[in-house]
Each structure stands twice: as C-alpha cells, then as structure tokens.
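Written below as structure tokens is the structure these notes are about.
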C-alpha cells in the first residue's frame, strides 16, 4: 500500500482527513502558511503511506499519503466514522479462536528454538563485516544515509517520542487514526533499521520503549493492513535479528488481536478492526463493502511467521484460506481486480492495478515462494500466471520508448503509473531466476526497463524526486499532469527497486541513481527538525507537508543503506523483506526439524 491508492495498494499509507494535515510552506521568515490540499479523490489513491499529503485514504503496498498504507493506494486508510459503509457488519469476534489460541500460546511460543533458526541461516545476517563496502566513495555515501537516519530518529525522539510520527515543521507528534490506538509506529518501524545500521544506543532506547510502553490493550479502530505490515512486521524482524524475547511476546499477542477480522462468510478479512472488541468492517469508501486485494493479500508472510513463533497453525490456516478462494474464483483475462466482497466472495468492479489497491498482493506471491525456501509451488504458479496476464494486458511502451504498467478499468486502459507501482521493478527482478528458463532474461530486462521508467519520473522533475503518479497520454511521458498527483511523501518504492536491481546486476547506475535521491532528499525534504514530504515535485520553491512518515525510517533509508552496502548484509538467500522493508527469514522446515525445533505437543514448526 500502499495502498485508493495511498506505503498504494500496498496499503501502506492511509489517507488523512482533509483538514488533518495542512500543507506547510516555510518562508524565509520561518512563518508557516497553510495551503489547501489537493483533491480528495486523487489522494485516495495512494494508500501506502502517508498522511502528509492530506490524502484521505491510504491504500496499499505503500499507500500514498501519510494518511494511509507501500499509502493512499498503499493502504486503504480510515476515513471519518460517518463515511464508513453500512458494510460495517459488526460481526462478533471469533472469541473461540482467540481464546483457544491464547490458551496454548505461552507453551507453544516458548518451544520455538531461536538457536535452531540461527543454525538454518546460510550466512550471518549482518555479513562478515556488517556489509561495509571496500571503496571509500560508497562507504561515505552509506555513512551519509546513516547520519540521515540518526537525524530523523533524534528529532522524532525529541519532539514526538511515543507518538506515531513526527511533524517536523511544527515540532510535535502525530497519532492519526490508522493504528487503532497503538502508539510508537515510528519506533517499531525503526527497530531493525537502527540495529542494521549499528545505531545501538538508539536501538536500545526503542527496545526499552517497546518493553515498557507498547500497550496492546486498545479499543481503537485499526487498519488490518497497516498494523500487520508495520507493527507485526517490525516486531517479527526485530526478534529474528536480535533474539530478544520481548519482541516475540508482543508480536504473538498482537497477532491474536487481528484474527477476528477473518470472521466473515468467506474468511476474507475486512479492512478495519477494533483491536479491543474484535469487531471488523470494511472501509466506507470501498465499493459495496469490499475488501481490498492489496490489504488481504499482504498478510501471508507475517502470518506464516506468527504460526512459526507461536506454534498456532491458525494464522497459517487463515491466509491459506484466502489463497484457496482466489484460486477458485474466475479472474477476468487472468487478472486480479482490486475489490472483493468478503460476504459473497465475488469481485466488485473490474479495476486492476499493480499500484495502490493491488501492489503488494503480487509482491507477496513471489516472496511467499522465496520465503518457503522455494517449496510453495502454489504461490509460484499464481505469481507467474499473474505476471503473464499483466504483461499481456497492462505492460505498455510509450512513444518515447519507456516501459510502464498501465491500470485496467473493465477492459479500458488508464495510462497512469503510481509511485507505489514502482516497487515492481524490484519484484520482477527477484522473481526472474525462478521463471521459465526461456523467460528469465526477459524478466530481468523488464525489471530494468520499469526501474528506468521510474527513475525518469524523478529526473524529469525540478526537485529530482518523483510524483505520486505520472502519466503517458496527451503527450506526457513519466510526468504528473494533474496538480493532485505532484506530491512526494518520502516514499521508498523507486529506491527499493534500485536496491534489488543493484544486487541482481551490480550495474553502477543504480547506486548513482540512489545517490541522486539522497541529494534530493537532503536539499528539498530535510528541514530543521527532521524530514518532510513536499507538495509539488515540479516547484522550484518547495512546500512541505509537515510529516515524517514512519516508512521513511523503515523503508526509504533502509533500502538506501543496503544499496550502499555489500550484498552480505541481509543476504537475499536468507531474508525476504515484507512490504514495509522488514526482513523476515526464509523458513527452512527440513533444517528446523533436523535441529530439533520441536513444539511440546510433538509437532515441528509449520509441519
């Protein structure tokens, strides 16, 4: 998320209410002036991500505006209560499942062997020398990224500690309505980044906050998608990297609170859940009470690991049931529309996108295969079938020679590509080697072409940062033609693809492009007390949105750090990144069995 297209349908960033996040311009006199945000419909398109853009929804993979999930499209966000749909079907919480699961949770979780897990890694997680590059220029660039992380963290700690995100211009914290009363999103999202970068004092501060202040007793209304990718993903990766039991305890407890969202006639979860009561409902803006593809399709990685740690197969059963339904349902031209009814199990509307609302569903198919140590043949088959349909129906070449992925609305192409969709270069790249032999070079070439197009969306702007969405029609090429598409909320997707393409090809241009992004972030997004998104990437005088998104610390800076590190820092043979860039280990069942990772009821993890 986004994901509705706010972190996208990577759902990563949800939308904010229109007056929640006014644009802020810093003048020479340091006065703040408010600006009217862009049109709400547009904002709805970027879930994954941020609230800073005054976007109302956050959709997926990485939604768009911090107000949402990769935000607006990245994550489907929460709108005001009065905008919720009647589909709020207050279904009773699945108390039986929660209680049964919780009753055995302590004994099951305690049986998980962290030592066995470590023995099953092929390489040390942090490499031979913490990924330190040998050439001085790359090392200096990596150190710069580390300094940016420390600067962002120190200001969050000073002005917004314990709240979800920092507002750097007004120097205060932001809570938002995405996480159902949970706090400390920037802390949980930063745990693994701090640890990987060797910022150990800061990591210990974050760990202490989680231990003493992360309160999971909440009665708020949360985005299932956003809580899963940020909090569940962040706690899982922190546990696997450090072995600290507090992270395992917290994540299993939180996972239990998400299960009632699946209590629907089809088992497809609704997008919003009250973490206290277990009541769930659909986003008010979602067509006919639909669930969003990128939201219910971006649970698989985390839920398999919840079963792994807790010994409770229920988490795995829930996500496998989603896959079962998707395999059974008819898909138009082999494509997966973005809206599905959790009541009937039928598609609602035929809108297809690999940006907001759809993005991370496809990402999790190939990553499920990779995370299974390449044993999950069903995920592999679904991914390559989806890729074939996407290439046949959505992949286009512009008159200027740029390859892009259009959106599909009931058979009509919309020649637009969202920032959230720019993760797909990296996704197609990491999936290239496992496709049909004759297609492997083709997929790697396609990944490089899409990544090049996304770089062009950056290089064609005045700030050298890319817009939320760019078009290929009416003579436009990789540029935003609508004012409402011109914002940048510190999103990571383009840099994410640079990192993967660097690891796959070692073409030096990817590091150069990453450094261009660092320089642009420093010039246009760094302010006195943190980093802020901007309202118009084409304006020479920038207007800041006053929001330091948590995914900036979790994703953008982590991917940059990895780009300038040796490949043995979080090697891809051992680690798969969730859609919030939280590294999760490959599950090697046979190895775990050999090393005795048995639960006390006699079964091996995920047996």
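Heads up, the Cβ atoms here are built off N, Cα and C, so glycines get one too.
Because TrEMBL annotations are produced automatically, they should be read as predictions rather than curated entries.
Going by TrEMBL, these are the annotated features:
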REGION    24-106  region 'Disordered'
COMPBIAS  31-44  compositional bias 'Basic and acidic residues'
ACT_SITE  226  active site, proton donor
ACT_SITE  359  active site
DISULFID  422-454  disulfide bond
ACT_SITE  468  active site, proton donor
ACT_SITE  493  active site
BINDING   579  Ca(2+) binding site
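Of all the Cβ atoms in the protein chains shown, 35 others lie within 10 Å of the Cβ of residue 422 (disulfide bond). For the pair residue 468 (active site, proton donor) and residue 493 (active site), the Cα-Cα distance reads 11 Å.
The candidate set comprises the active-site residues 359, 493. Of these, 359 has the most other Cβ atoms within 10 Å.
In the shown protein chains, 43 other C-beta atoms lie within 10 A of the C-beta of residue 226 (active site, proton donor). Comparing the Cα of residue 226 (active site, proton donor) with the Cα of every entry in 359, 422, 454, 493, 579, these being the recorded positions, the smallest distance points to 579. Comparing the Cα of residue 422 (disulfide bond) with the Cα of every entry in 359, 493, 579, these being the recorded positions, the smallest distance points to 493.
A separation of roughly 15 Å, to the nearest angstrom, links the Cα atoms of residue 454 (disulfide bond) and residue 359 (active site). Taking all protein chains in view, 28 other C-beta atoms sit within 10 angstroms of the C-beta of residue 454 (disulfide bond).
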